Amino acid sequence: MADRTTLTTTAGAPVGDNQNSLSAGRHGPLLLQDYQLIEKLAHQNRERIPERVVHAKGWGAFGQLTITNDISRYTNARVFAQVGKKTDLLIRFSTVAGEQGAADAERDVRGFAIKFYTEEGNWDLVGNNTPVFFVRDPLKFPDFIRTQKRHPRTNMRSPTAMWDFWSLSPESLHQVTILFSDRGLPIGPQFMNGYGSHTYSFWNDAGERYWVKFHFKTQQGHRHYTNEESVGVIGHTRESYQEALFGGIERGEYPRWNMFVQIMPETDVGKTPYDPFDLTKVWPHGDYPLIEVGVVELNRNPDNYFAEIEQAAFSPSNIVRGIGFSPDKMLQGRIFSYADAHRHRLGTHYEALPVNAPRCPVHHYHKDGAMRFFRNDTGNPDAYYEPNSFGGPVEDRKFLEPPLRISGEAMRYDHREGNDDYSQPRALFHLFDDAQRYRLFRNLAAAMQGVPQHIVDRQIGHFEKIDPAYAAGVRAALAEGSGFEDARDTQPPAFEPAE
Ligand code: NDP
Ligand code: HEM
């Protein structure tokens, strides 16, 4: 045993016996003074932290962004400073509704959260695999999530709650159409796009602001399961995404995404037929083309899942010089929500954990609290407040964002008033070929099983406004009793898009 390190207690005392508890006599009872047993049981009781209230099940890996095109005229963010520049990053993918033990191959929106470790602080782009979202006002987010989680009495998920909420919230139609299309069930994290989803802003050294959207297009191609295939996958393994991502990277198959931005001049606001800050809308590529930025590659698995993925804390409030927010109300809500969640889930000093710690110098005056294990004395014990005369860190106005032009009276504005919730889902519906539409109808019908008829009728009324063929297709799939038959085995009916 000479070459093995000696086991110790957490206080460093060498352990003489890690197999047998300390008992009074051969049979016991055990002695309270067996502090080694107590330490072991006590630590086990504290091994779990609260799971994320949403996006609890996730898979992650490390890699880099490499810049391939110069966009520095729009932003002075260091990450985009020159072609060829590489920035380390972490991506955590996730499902939204399932708990930590949920099966991976479930139909759900996928989280696509990126932490860029830039030389001027961490930039977190906490997006999804969809360019839009179900609601456009953060006041509705907790209600929406309630419909995705378990019913308080049955403790089961409730299709009635989901369709009741969606049918009463037509702004959800765009995201609902994506969720029940093929892209609602990718076969693994590598085979889907990522989107920053919100409108953010870029600003440059001249103090000019541009509105921006971020896109990450998979180089692996889009691959999806049908409902029927996913039942087979889940019966075989609940961890299909972990196997695909972790296994792929171990084998040297490094997934890649091409990064793009869409840029809107600041003064275009008010000139588009859609609100550019409405998270239920995209900016059509015809209006604002994709501009190449770089390539993201994932090439290193975490050494410890809990330390590096479970303890990872992403927040839309983590922006860096050259990147700003926008008046998107959902983004505004999220700026508060995430750091608050992290302080609850991980503790006050969550950003000092190695996976969250910036890869640049950090100098702040936040002080004590639980787990204050890191050095933060600003280099001089007398400089513990600001302003001070003792050389403590100070602000630098070159990092100050240009002023954001806003106007208007404070009021609870009706976000549904004058809003067109149908045109963009229609554009998407018209992109699908016959087979894709047929699977969409059957996926929707399968998800509506058992939902009261008046709720189904209300939802079909919305599909009717997108396109009468959309409503007719769902009606026909419902009448067929569509469920978990494999949509690929059945001949799709001919489809005539509405004018
Ligand atoms: P384009 O024809 O220029 O682009 C269509 C977009 O749709 C592509 O980005 C494509 O992604 C994506 N797409 C294809 N199938 C699906 C699907 N099942 N679910 C989600 N996205 C899909 O069209 P427009 O820009 O004019 O937009 C038309 C519609 O396309 C929009 O109303 C929106 O629903 C959808 N869309 C638009 C995006 C945008 O930023 N403009 C982004 C994503 C979707 P890919 O290139 O990877 O195949
Ligand atoms: C996770 C809140 C909308 C993507 C979370 C978490 C909270 C939250 C509290 C858990 C954070 C944690 O414990 O670490 C909200 C609120 C929203 C909102 C209040 C709306 C007002 C969105 C939108 C997107 C999104 C629109 C995508 C465009 C994610 C992702 C995660 C997440 C990807 C998981 C991050 C990770 O991997 O750790 N959200 N969310 N959320 N959210 Fe949201």
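Each residue, glycine too, has its Cβ placed from N, Cα and C.
Caution: TrEMBL annotation is automatic and unverified by curators.
Taken from TrEMBL, the feature region 'Disordered' applies to 1-22.
Among the features that TrEMBL reports, domain 'Catalase core' is placed at 8-394.
If you draw a 10 Å sphere around the CB of His55 (active site), it holds 22 other CB atoms from the protein chains shown. Annotation note: His55 (active site) sits in a coil segment as assigned by DSSP. Among the features that TrEMBL reports, active site is placed at His55 (among others).
There are 24 other Cβ atoms within 10 Å of the Cβ belonging to Asn128 (active site). Per TrEMBL, active site is recorded for Asn128 (among others).
Taking all protein chains in view, 18 other C-beta atoms sit within 10 angstroms of the C-beta of Tyr338 (heme binding site). Per TrEMBL, the feature heme binding site maps to Tyr338.
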With DSSP as the yardstick, break the region 'Disordered' (1-22) down into helix, strand and coil residue counts.
0 helix, 2 strand, 20 coil
Separation of alpha carbons, His55 (active site) and Asn128 (active site) (Å):
10
Local backbone state of Asn128 (active site), from DSSP in three classes:
strand
